[in-house]
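K.L.:
What TrEMBL records for this protein is below:
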type     : residues : note
DOMAIN   : 3-157    : domain 'EamA'
TRANSMEM : 6-22     : transmembrane segment
TRANSMEM : 34-55    : transmembrane segment
TRANSMEM : 82-102   : transmembrane segment
TRANSMEM : 114-134  : transmembrane segment
TRANSMEM : 140-160  : transmembrane segment
TRANSMEM : 172-194  : transmembrane segment
DOMAIN   : 173-301  : domain 'EamA'
TRANSMEM : 200-218  : transmembrane segment
TRANSMEM : 230-251  : transmembrane segment
TRANSMEM : 257-279  : transmembrane segment
TRANSMEM : 286-301  : transmembrane segment
Amino acid sequence: MGYLLLAIICSSSIAIIFKFSETNNLNRYAVTTMNYFTAFIVSLILSIVEGNIILKGYDSFFYEFKDVVLKGNALFSPSSSFIWAIIVGVFAGVFFFLSFLYYQISVKNNSVGLAGTFAKLGILVPMSFSIILWREFPTYIQWIGIILSLISIIIVNISFKKNHIKDIHISLILLFLFGGFAEFSNKIFQKYAISEYKSIFLFFVFFIAFIISLIMTLKKKKKVNKIDLITGILVGIPNLFSSFFLILSLNHMKTSVVFPIYSAGSIIIITLVGTLFLGEKLERKEIVAIFMTVIALILINL
């Protein structure tokens, strides 16, 4: 539970820093690019320090794939875990960037409420696949907690007065799918690879996302200021460690339990910081959602 708490804190700090960025009208693409740059540099340093960079013994990967992935008999060996980290990391990096891209498109085409709801509901993707592929079923009490946490996410993010189901567009569906697969990639890596190679996995996730983001930044040709770069660095560190601690928590808890707590817990911290330190006022629906989330967290951990 300790690793999950650290993941929630890191995830929440990202949103808080981004609020500062948006409030001060910083260069969003420059901030994002520097964020990914910082994240992949730190993950590279961690990989070197941990001595997890392997330059030989790759032939065994194809022989191990059948037993590890298809039959689920064991974990990959160190050299094969290195290859698995690269493969999953590259695909995850694309999903991480695409989820960010379609979050922006969804906010522009719809509303922050609907976009935020579909981004958070992306947790249904890893939950569903974990139940189907690995039979990771929660208990009945945990199911109640999971349902309550999902309801709280909807209550916090959606405006029932302005948005209706008929307002949903393809950008929201893609946000839901890309965000969900980005989260699911953490589980895919953790399920089959040795956990010590998580820094290699995260390096490729953020390196690929950085390359794509850099291309977008150069394409936009918007002026980059010093504050944009500093803010990007401040976002990059918790961005890396939110995934780092999330992977560790998946080693000790069910996927169908981790992701709802991760999302609902982040909402609580972000809401409290916004209310206590940023002068934001809570609406009645937000108070109800926080109360429901607390109950959900208790039930999920029984």
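Cβ atoms are placed via backbone N, Cα and C, with glycine included.
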K.L.:
For the transmembrane segment (200-218) and the transmembrane segment (6-22), does the number of C-beta pairs under 8 Å, pairs 6 or more apart in sequence, reach 3 or more?
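P.N.:
They do not touch: fewer than three Cβ pairs between the two stretches lie under 8 Å.
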K.L.:
So which of 34-55, 82-102, 257-279 is most in touch with the transmembrane segment (6-22), counting Cβ pairs under 8 Å?
P.N.:
257-279
K.L.:
Taking residues 6+ outside the transmembrane segment (114-134), which of them lie with a CB under 8 Å of any CB in it?
P.N.:
72, 99, 103, 106-107, 146, 150, 153-154, 156-158, 163, 167-168, 172-173, 175-184, 186-187, 191, 254-256, 259-260, 262-263, 267
K.L.:
For the domain 'EamA' (3-157), provide the mean pLDDT of the predicted model.
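P.N.:
Averaging the confidence scores along the domain 'EamA' (3-157) gives 80.
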K.L.:
Do any residues of this chain, six or more beyond the ends of the transmembrane segment (172-194), have a C-beta under 8 angstroms from a C-beta of it, and if so which?
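P.N.:
The answer is 68-69, 75-78, 80-81, 84-85, 88-89, 91-92, 95-96, 98-99, 102-103, 105-106, 110, 114-115, 118-119, 121-126, 129-130, 134, 201, 205, 243, 246-247, 250-251, 255, 259.
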K.L.:
Is it possible to list how many residues within the domain 'EamA' (173-301) are helical, extended or coil according to DSSP?
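P.N.:
Counting residues per DSSP class in the domain 'EamA' (173-301), I get 110 helix, 0 strand, 19 coil.
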